[in-house]
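Feature annotations, courtesy of TrEMBL:
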type	residues	note
TRANSMEM	12-29	transmembrane segment
TRANSMEM	36-57	transmembrane segment
TRANSMEM	69-86	transmembrane segment
TRANSMEM	93-113	transmembrane segment
Amino acid sequence: MAPGLLDLVHLTTWAVCAVIKLPQLVAVLRAGSASGLSVGSLLLELAGFLVFLRYQIYYGYPLETYLEYPIIIAQDVLLLFCIMHFSGKTKRALFYGVVFWVGWYMLTLQKWIIDLAMNLCTFVSAASKLVQLQHLWQTKDSGQASALTWGMSAYTCASKLQTT
């Protein structure tokens, strides 16, 4: 890929990641409901993003290679809180927060732990999408699931294949 085009794809990926979950958040907030969204899927996605971010930091990769992940994680945390709030399980969100916080530190207790976790990231990411699709299939209700968010996610995945 030409260097100029590669830079453009890289920049647009950052831009899309900065707002990737906003359509989903807007849909949930407007409806006052999180129907159609799977908490399990979001937790898996969040776990994968946190492992990836921790791995990048642990090995000292340049910030440009993972800058979008803290932004996506913050959006996922907001979305998780909204889902838990609208389903009446706000206290459970605190429990998940503690589990992820502890996991963040446990990942780097031993080098092999972070390496193994990183090797499982692709599987976890794929599993998160499958869990969401299974939820949609079982409930037969897309509810507040945002096609725009899914589309932007597909774009960023495809663009990362070209820019990394």
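Glycine residues also receive a Cβ, built from the backbone N, Cα and C atoms like all the rest.
Heads up, TrEMBL stuff is auto-annotated, nobody curated it.
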Check your understanding: Is the transmembrane segment (12-29) in contact with the transmembrane segment (93-113), using three or more Cβ pairs under 8 angstroms as the rule and ignoring pairs under 6 apart in sequence?
Key -> no
Check your understanding: Residues sitting near the transmembrane segment (36-57): Cβ under 8 Å, six or more positions beyond its termini, same chain?
Key -> 24, 28, 65-66, 69-70, 72-73, 76-77, 79-80, 83-84, 87, 96, 100, 103-104, 107-108, 114, 117-118, 120-121, 124-125, 127-129, 131-132, 134-136, 139, 141-145
